[in-house]
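What follows is a single structure, written as structure tokens, with notes after it.
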Amino acid sequence: MGTSIKANVLALFLFYLLSPTVFSVSDDGLIRIGLKKRKVDRIDQLRGRRALMEGNARKDFGFRGTVRDSGSAVVALTNDRDTSYFGEIGIGTPPQKFTVIFDTGSSVLWVPSSKCINSKACRAHSMYESSDSSTYKENGTFGAIIYGTGSITGFFSQDSVTIGDLVVKEQDFIEATDEADNVFLHRLFDGILGLSFQTISVPVWYNMLNQGLVKERRFSFWLNRNVDEEEGGELVFGGLDPNHFRGDHTYVPVTYQYYWQFGIGDVLIGDKSTGFCAPGCQAFADSGTSLLSGPTAIVTQINHAIGANGVMNQQCKTVVSRYGRDIIEMLRSKIQPDKICSHMKLCTFDGARDVSSIIESVVDKNNDKSSGGIHDEMCTFCEMAVVWMQNEIKQSETEDNIINYANELCEHLSTSSEELQVDCNTLSSMPNVSFTIGGKKFGLTPEQYILKVGKGEATQCISGFTAMDATLLGPLWILGDVFMRPYHTVFDYGNLLVGFAEAA
């Protein structure tokens, strides 16, 4: 899951899980795996909500893993009511079965170890037993992955990994001997299989290529949007299934070989530019993230436009009321936007950082509430106000309208871990939200970016947009499952491209 665990962000009344595994080979040579389903009770639903509120829908950028002292395969995915997609692998000989998240936001494979005796999270899941495998090779090197809300630690081992009918030999992976219970205890998967670029160990995907197991140097995801169907989705190694997309893919080059990262252009709410990414932003497609995360300044505008109710932040309103008209005057006087807040002594830097890089955890419940922390928040709110007001000035809005709009946005600020609810009866009046990728607009309808939890009168509607500001990579969007459901996604390792086409 990359650098911070991507959560089951919503809970559910019924959950569909993999069924007795059935392997089949179709006429196109692709291998498919049968699915099963299982009911989950109300307790599981509440646990899923708790995981969200603990902030697990957010990445902690900068993967902090540490090390110390000839065909194609199709993996069927299970759709956890639109909150996560996972499938089954085997480790060892004979294969020991594990359910894993196939995660394009990280590169390491880990599963619980039988030597994990003090963690409830380990005991609640399948655990790898090295003594039961004839192909196990000892390594013993310490390994750890630190997430935003917890961590796993353990040691590296080596064994065969079975995916579909492919057997990847001598694969390094972490046997987790300790897992953060608050993060992993109630998860419906055992471990994570990373599909990003190599960091501290050779990824499974690299070994597939090195061992000549796939025809093409690319893999692709199709995520089924119909949660009531048994088939949750499909991951194809070594190619793509033409039955799961329409038209041609739009490809963009990978800009940073750590995540599957690429450049995007403007983000639009309806037909209106938000302006922030018009000069260019970075994004990456992340199969291990449930929602769609982006810069607070823009996500706040989106959630305001769809009527999502978040946290009223009085400090934000204080900045707008005290400094808003001065900000407008400076913007109209053509003062460089990234210097305005330092001119007003709200920020200590002078244009050295972009807006997104200084928005760290504005409303993080764990923030230090010292005077220094408060000063940083005032700086952050000022920078966000500059972004909002600059865009409204471009729309020729009056000063009063700009101030009122900024105050409204303050009311819709939220933490990355907070559920933002909308009125389920207003979906038809909500705008589409579009991302410009490769010069083409990829739109999301309300039905695609709003997630529904529950049934009947108990149904709740949740915004699929969550705020998250990267501190190292600048303004960044994580295009998670909310985006990958409507768009079939190709990860082309051979040409270092990411491609999107309408899913079928």
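Including glycine, each Cβ sits where the backbone N, Cα and C put it.
These come from Swiss-Prot:
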ACT_SITE  Asp103  active site
ACT_SITE  Asp286  active site
DOMAIN    85-501  domain 'Peptidase A1'
DOMAIN    311-416  domain 'Saposin B-type'
CARBOHYD  Asn139  N-linked glycosylation site
CARBOHYD  Asn432  N-linked glycosylation site
SIGNAL    1-24  signal peptide
Within a 10 Å radius of its Cβ, which of these active-site residues (Asp103, Asp286) has the fewest neighbouring Cβ atoms?
Asp103
Here the Cα-Cα span from Asp103 (active site) to Asn432 (N-linked glycosylation site), rounded to a whole number of angstrom, reaches 27
Could you tell me the C-alpha distance between Asp286 (active site) and Asn432 (N-linked glycosylation site) in angstrom, no decimals?
21
To the nearest whole angstrom, state the Cα distance for the pair Asn432 (N-linked glycosylation site) and Asn139 (N-linked glycosylation site).
51
Going along the chain, which residues six or more apart from Asn139 (N-linked glycosylation site) have their CB under 8 A from its CB?
Phe155, Phe156, Ser157, Gln158, Asp172
Need one number: mean pLDDT over the domain 'Saposin B-type' (311-416).
74
